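What follows is a short report on a single structure.
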């Protein structure tokens, strides 16, 4: 599993700190609420207090801090008054009190009251500590200051709870603990540390490649009585890598780590001890600057040169970091292939050393049949003796790497083969290692590649299943096309991720917060403004998402209405008897009011998608269940839903007229406003963003409902928009059929038309009992007979 980043959420460790603070002295303490309206209730009771008094925790909780349940006949009234005064004044107090245990036995106690403040300096808690001093108190009613034995009991306690100590910040504040770290402490999860780790990883790979090559392929000087090594062109880079390793050791002493409990440790001393007991000695040995010996032309033996192999221990740190990078498939794939190539490189170095040893052994049986001898003969550079002749170093290395790679990945091709016993034994070992590497490396590579393409594979699998289903059941071409388009469109939206299944194992609290974020658009409707946060969280868990393709019917006329729908994007049309009743767009709410128990709502129209639509919906059953849990909001919701529905789908709802009394309720106006012509008028519009954007931005009131008792909380255009495109469309269509009795579309105007040419026949006007005859109660969209989806949008 990936290495944990650590538990980084701010914590309030007040209780743990208090418990640790009293450890070793006494743990008999209570915590009381200093901000309670009715007394100061106890909010925490320690186990030591329960053992001292004999009460159990549930008997003590929510009682007052005056500890009246411990009072008895010998409890001093003056002390009780002093305690009450200290609590009311939020002051410190220390005194000796005679309390009574649950069994009625009295005991003398040293009581200390200390107010606890939060980060704002407000007193939020009282800390009441109790120390049993019955044994040292003796028969005297007053404590003797000269009693040395009693002072030995009280003295250590004063080091903890007396006023002189509390003047220092010995007790923590009741607040979220701030992270205390030095400015020179590096975070192990920071971006800069991640980049540094990658740099160290590259340096480690360089060491893993360079060290074996230097040991095996660097030629010794001729004529020397011991093996000394010539200077190499890579000395500069080797020294730079050593400096990086040394600097990495220094940084590790200042880098945070994750403890076994999952906490991030910022303390410098703890970091120092942790690093010294884990990777310090490995890193120190790997960072020893052996290459400085070559830089200063100091001759070293081959044994000293072999000590450089300890740098390969840095590869153990790579295994530690593999878990951290395992969530990145491409990174793990690259690392695994690099490990395979690195193993082949090491084997190539060993294979060359075996060939050199065969030549240097001067064995007359094997001297002339080694693989280096055969290679030199084929390249026409044969060995003259053990030190002269032979193929060049690059040719020898390439041939060695070719042999090891072919042996690790297959059984070889024979052009470079093992001839001597040592070479054959090594070849057998390579083949066994190759089988193991195939199982480990290439098995993981296969799994990683499958994981990288898992989502695409799932898409093709489901698409194939869908096509097989269509073929087996011989669905018609039109239905087939609709199914394929729906599947492709929904996949592009959610990428095949089932949110309910994904969040199923999360706690309810977290799922509710996620659901509120995902469904924030529908929860911001005015109908939910008065709902409590708990009600909104419950509603959010029942809100589902849906998708509708163009031409698909969301609701059919006469169906039982199961849910209320909110349009997140796209547009739909409401059809009744083949006539357009309304056009719905982003932000519209469609459905019906909450039915009575046992009542089934029949829909009065069809709802058909004009474009690809994203919808959110909540079922009527789930809505009823939530409202039953919050009855104070349920009654409010039942009355408000009428004014927020863009279109009411309830069968038999009076959708095209409104009484004056209902108008007063829907559009309350002050008396002086009746003579104004600047009031916003009800309408339906799918306005172009560029043409009407300015009007929408300056609008402040929500759209007046289209039908009886319904409204929209989204669109808020102003009067100028109403007098523009909307009236031209309505005027052009005013002779069409309409669901009102006179069969004509009605479009009131706040001003009379200028001429008969502009309006050949007068439009009917609405009147009211309040004398406001120039403002209509309703703007109706004319009904048009249609067979196919009719585009009535001004766009």
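Cβ coordinates are placed from backbone N, Cα and C, and glycine is handled just like the others.
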Range annotated as transmembrane segment - as stated in TrEMBL, picked from 214-232, 233-251, 252-270: 233-251
Which listed span TrEMBL calls transmembrane segment, if the choices are 373-395, 396-418, 465-487, 488-510: 396-418
Stated TrEMBL location of transmembrane segment, expressed as one of 150-174, 425-449, 525-549, 550-574: 425-449
Surrounding residues of the transmembrane segment (195-213) on its own chain - C-beta under 8 Å, 6+ positions past either end: 234, 237-238, 241, 244-245, 248, 251, 286, 308-309, 311-312, 314-315, 317-318, 321, 338, 342, 345-346, 349, 397
Long-range Cβ neighbours of the transmembrane segment (425-449) (under 8 Å; 6 or more residues past either end): 329, 332-333, 336-337, 339-340, 343, 347, 350-351, 354, 404, 407-409, 411-412, 418
Helix, strand and coil residues within the domain 'PAC' (93-145) as assigned by DSSP: 4 helix, 30 strand, 19 coil
Same-chain residue ranges lying at least 6 outside the transmembrane segment (328-354) that approach it to Cβ under 8 Å: 205, 208-209, 212-213, 215-217, 318, 322, 371-372, 396-397, 400-401, 403-405, 407-408, 422-423, 426, 430, 433, 437, 441, 444-445, 448-449, 451-452
Secondary structure tally of the domain 'Cyclic nucleotide-binding' (527-627) (DSSP, helix then strand then coil): 20 helix, 43 strand, 38 coil
Mean per-residue pLDDT computed across the domain 'PAS' (14-90): 80
